[in-house]
Structures are given as structure tokens and as C-alpha cells.
Amino acid sequence: MAGEHVILLDEQDQPAGMLEKYAAHTLDTPLHLAFSCWLFNQQGQFLVTRRSLGKKAWPGVWTNSVCGHPQQGETFEQAVTRRCRFELGVEIADIAPIHPAFRYRAVAPNGIVENEVCPVYAARVVSQVQPNDDEVMDYQWVDLETMLSALAATPWAFSPWMVLEAENQDARQALIDFVARLRG
């Protein structure tokens with residue numbers, strides 16, 4: 001999205017300024033605020049997406065449904081909703097925190113660094129997926145149990161943040177519980 005920024009964070013994870021999103025993601029990316037979201041359909045299937053080849057970091061890599069950066073004055077729920085519309089063309093409901101304290105630092109093969117305080121959410125998709133080709137090159141609906149097994153067996157095939165999110169036992173259980181609520 002044109003004009004999108006990241007909120008920079010200090011050592012206490014407090015806002016410390018803003019920087020244009022593409023300028024922020026470099027070989028020495030400063031700590032900044034982000035979010036990650038796992039989307040599910042009413043049957044409890046998870047939407048795994050493959051990042052566009054045009055992405056600056058981890059192009060072509062399979063990852064969780066959607067990620068992004070909240071903008072100044074925007075709640076996480078508003079940011080998740082905005083990015084779901086922009087990246088996947090979907091409307092969502094039932095946004096729930098999965099791993100509010102998640103943070104990570106990872107270096108892509110091209111040297112670009114992700115360095116984020118990145119709360120993780122789950123949400124239910126309530127419309128058809130219409131991906132933005134600049135963001136998503138492919139997607140699949142899969143059972144969560146199958147996805148979690150694939151992440152454990154072949155972590156190299158997925159984004160590092162998705163792998164780390166799934167490795168957290170509390171986050172895994174929260175995802176499983178979210179799916180159980182969807183399935184009734």
C-alpha cells in the first residue's frame with residue numbers, strides 16, 4: 001500500500017517514531033510493530049498463502065494468511081481487517097488474540113531482516129478469497145492439524161515467523177481452540 005509506515009519501538013517496546021515501510025526493511029531493520037493473522041473458514045480450515053515473488057523479504061515463501069503493520073492511531077483489529085481486505089480481498093469476523101507477546105528477528109536469504117514485536121491473531125473469513133497478485137501468488141485451505149504437522153516436519157518450507165508462532169505451545173493450543181469453536 002502506498003504510503004504505509006511502520007511504528008518504530010524503543011528498548012521498552014514503546015513507540016519511538018515512524019519510518020516508511022520499505023525504507024524500514026533493510027539489512028539492519030529497526031525494531032518495529034507488526035501483526036500476524038491466521039485465517040479460517042467456517043469448517044475450521046486454515047488459509048495458508050504463498051508470498052508474491054515481488055515481495056522484498058521471503059518472496060515466494062508459504063506463510064500464514066496475512067501479516068502487516070498497524071498504522072498510527074489504528075488498533076490491531078483495524079489493521080488486521082485492513083490488510084485482509086488489501087492482500088486477500090476478504091471480510092473477516094471473530095478476531096481473537098492467539099499470541100499477544102510474540103516477537104522475533106529473522107534474516108531472509110537476501111539479507112533483509114525482520115525485527116518485530118508481532119502479536120498473533122486468528123479470525124474467520126466470511127467472504128470469498130480474491131487475492132491481490134502483488135501480495136499473494138497462491139493459497140490453499142488446509143486442515144490445521146495437517147498444517148501444524150507440515151511446519152514441524154519441514155520448517156524450511158515456510159516463513160520463519162509462521163514456524164516460530166506454531167512452535168509456541170500456548171499459541172498452538174489457542175489456534176486449536178479457535179478451530180474447535182468454529183466447528184461447534
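Using the three backbone atoms N, Cα and C, a Cβ is placed for every residue, glycine included.
Features reported for this protein in Swiss-Prot:
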| type | residues | note |
| --- | --- | --- |
| BINDING | HIS25, HIS32, HIS69, GLU114, GLU116 | Mn(2+) binding site |
| DOMAIN | 30-164 | domain 'Nudix hydrolase' |
| ACT_SITE | CYS67 | active site |
| BINDING | GLU87 | Mg(2+) binding site |
| ACT_SITE | GLU116 | active site |
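Projection of Swiss-Prot feature records onto the structure.
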{"residue": "HIS25", "record": "Mn(2+) binding site", "Cβ neighbours (10 Å)": "20"}
{"residue": "HIS32", "record": "Mn(2+) binding site", "Cβ neighbours (10 Å)": "24"}
{"residue": "CYS67", "record": "active site", "Cβ neighbours (10 Å)": "23"}
{"residue": "HIS69", "record": "Mn(2+) binding site", "Cβ neighbours (10 Å)": "20"}
{"residue": "GLU87", "record": "Mg(2+) binding site", "Cβ neighbours (10 Å)": "23"}
{"residue": "GLU114", "record": "Mn(2+) binding site", "Cβ neighbours (10 Å)": "20"}
{"residue": "GLU116", "record": "Mn(2+) binding site", "Cβ neighbours (10 Å)": "23"}
Residue distribution over DSSP helix, strand and coil in the domain 'Nudix hydrolase' (30-164): 31 helix, 53 strand, 51 coil
Mean of pLDDT values spanning the domain 'Nudix hydrolase' (30-164): 98
Integer Å distance between the CA atoms belonging to GLU87 (Mg(2+) binding site) and HIS32 (Mn(2+) binding site): 20
Residue pair GLU116 (Mn(2+) binding site), CYS67 (active site) - Cα distance, angstrom, rounded: 11
Integer Å distance between the CA atoms belonging to the residue listed as 'Mg(2+) binding site' and CYS67 (active site): 9
Alpha-carbon spacing, GLU87 (Mg(2+) binding site) to HIS69 (Mn(2+) binding site), which is rounded to whole Å: 13
